[in-house]
């Protein structure tokens with residue numbers, strides 16, 4: 001691509017494809033920077049850091065001055081960013097085009113600076129309206145908002161804030177809001193034309209999540225209909241931007257080069273079976289043989305990351321005692337991590353130490369960690385693949401794309417020359433797909449279809465999909481919603497469907513909550529749903545601890561032993577929330593209890609946050625959460641209450657059921673496929689269940705049911721009677 005900032009739009013006689021390719025206005029930074037500016041650590045001010053009314057005016061003035069002084073210092077760093085150096089040209093295109101596509105390579109500063117340029121323009125022209133910046137991940141939304149608030153010289157939640165699922169720091173004063181794509185969709189459900197916003201920025205569009213693709217479709221409808229005044233900026237970290245331009249009628253494409261230093265690539269000579277072990281060994285070798293510099297390790301998921309952190313914590317001191325090498329300090333980084341824990345990753349460490357961050361693909365482009373000189377790439381990621389034939393989501397560990405591999409490697413060359421250690425063979429790298437498959441091509445579209453119905457879209461097949469999921473996927477989504485009671489026989493959204501669309505949950509769990517509100521066990525079901533909403537709440541014990549930990553869990557969960565994992569989660573929640581929360585030393589007591597049962601301490605804190613928010617939502621929707629005393633909310637061993645709770649879950653997960661066979665195996669009700677109870681389940685050794693229900697399906701060497709509960713066949717018949725008749729109908733025929 002030419003590095004000429006004066007290039008112009010292609011002439012009209014070129015073909016459409018050529019026009020798009022040449023309609024790229026590149027801004028390059030030819031000045032070599034000896035050392036990139038350090039990223040100032042993100043403050044942990046995301047927990048409602050507001051100026052108290054009780055503080056004196058003097059304190060407020062001092063706070064204001066310190067914020068502005070900080071912003072002034074950061075401005076010097078901002079001015080060195082490639083994006084900042086082309087501020088005038090970029091803003092010229094944004095102002096004169098309804099849609100602008102901007103390719104900003106990693107390190108260009110697009111995510112922090114472009115929204116601030118637009119905000120300054122709104123101030124200068126005294127225009128009303130706010131700016132929304134979407135992110136595919138909550139951790140990115142939180143960290144970017146925190147950083148930009150610092151650069152803007154304000155407290156988080158004043159002019160700059162964030163809104164993510166179950167956490168919101170915005171106020172009436174907020175003009176620049178970072179939010180997850182899911183939260184913007186939720187705002188669309190409440191305010192169909194998004195009048196609050198003058199500009200909407202879709203960041204990390206190259207990740208092609210289902211929700212991002214859905215937002216692009218909604219935005220195209222808006223600018224072609226009620227909001228021609230709306231300005232849209234689509235930002236991508238990769239060069240594959242032609243599709244975005246074509247979708248928005250050949251919108252101009254701008255290119256800003258990022259800061260890059262050379263990164264040397266290293267590959268394995270032979271494949272490895274144990275990826276966590278290989279990553280640990282690679283980190284130790286780097287620590288023993290390379291100069292100081294932090295290490296960023298990419299692992300497929302939270303489970304592998306927690307395992308790696310645990311192992312590294314155990315061996316780090318021993319390794320540094322054996323040889324004069326830096327002390328390794330390991331940190332996890334994944335989307336489910338609380339904001340306080342996330343902030344530790346970005347803080348510099350003092351002394352003769354080396355930070356090692358174990359991360360999911362969240363660190364590919366969404367966040368920047370200063371000080372990284374080495375990248376260790378497992379070459380793997382976790383994806384959910386929807387199996388239309390089974391009606392189940394399968395969680396798979398799959399190879400990344402070449403584009404992702406390049407993004408990961410680039411993280412080692414942000415501030416200086418670096419090294420990338422790919423834990424796979426070079427011959428395997430060339431076999432990787434060029435780009436990652438769009439999420440919508442492998443996902444269940446039930447939730448997007450519900451949102452479209454809530455929005456008033458009837459012709460789903462011909463809607464302005466950015467990537468049409470196909471007729472089969474759409475019809476199955478419609479059928480699923482019909483069976484859940486969200487749609488009527490004509491495909492119109494029902495009152496139940498309206499309620500489901502407003503809850504920040506998948507439709508199946510929303511259906512469960514609605515049923516619980518009708519039968520009088522909403523508080524208990526909210527507690528269980530909150531536990532299910534947090535990934536990896538129950539950690540996998542080490543092999544030597546497994547039997548002991550399982551015995552402890554079994555001894556505490558008498559009802560769980562009989563009824564399964566959902567009831568077990570409620571029993572554990574009751575102990576954590578009601579019994580351990582009363583003493584003066586509750587925090588320490590809870591931490592010790594979690595460690596003894598191999599339960600995520602961070603996870604349970606997240607559960608409480610999710611629970612609080614769900615109770616707020618449910619009070620608004622149902623007005624039926626009673627303020628009963630604490631003891632009545634606990635589940636105990638009340639068989640009647642437990643049956644009522646499990647029947648509620650059965651209404652949402654009727655397809656996720658299996659019947660016990662004479663040989664003590666299980667076969668799914670919907671397809672007759674064999675399925676096994678996962679070894680981590682409370683019911684793994686229980687061979688006497690007449691039937692089971694599960695909320696998750698995973699496939700390794702065979703199909704496993706997770707979050708398993710015992711059900712009686714009479715319950716199944718009771719709930720299925722109406723659903724079976726509905727399942728035979730083709731929802732598409734009624735449209």
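Glycine is treated like the rest: Cβ placed from N, Cα and C.
Among the residue ranges 199-202, 203-206, 207-210, the one that Swiss-Prot annotates as motif 'DEAH box' is 203-206. As stated in Swiss-Prot, the feature region 'Disordered' covers range 1-29 out of the listed 1-29, 30-58.
For the motif 'DEAH box' (203-206), the mean pLDDT of the prediction comes to 92. Within 10 Å of the C-beta atom of residue 104 (ATP binding site) sit 26 other C-beta atoms, taking all shown protein chains into account.
Long-range contacts of the motif 'DEAH box' (203-206) within the same chain: residues 110-111, 133-136, 140, 212, 216, 234-238, 240-241, 244, 365-366, 403, each at least 6 residues beyond the stretch ends and with a Cβ under 8 Å from a Cβ of the stretch. Shown in sequence order, 81, 82, 83, 237, 256, 258 are the same-chain residues outside 104, 105, 106, 107, 108, 109, 110, 111 whose Cβ sits within 8 Å of the Cβ centre of the ATP site. There are 28 other CB atoms within 10 A of the CB of residue 108 (ATP binding site), with all protein chains counted. Taking the binding-site residues 106, 111 in turn and counting surrounding C-beta atoms within 10 angstroms, the largest count is reached at 111.
Taken through DSSP, the motif 'DEAH box' (203-206) splits into 2 helix, 0 strand, 2 coil.
The C-beta environment of residue 110 (ATP binding site), restricted to residues of the same chain at least 6 apart in sequence and closer than 8 Å, consists of 83, 102, 104, 203, 235, 256.
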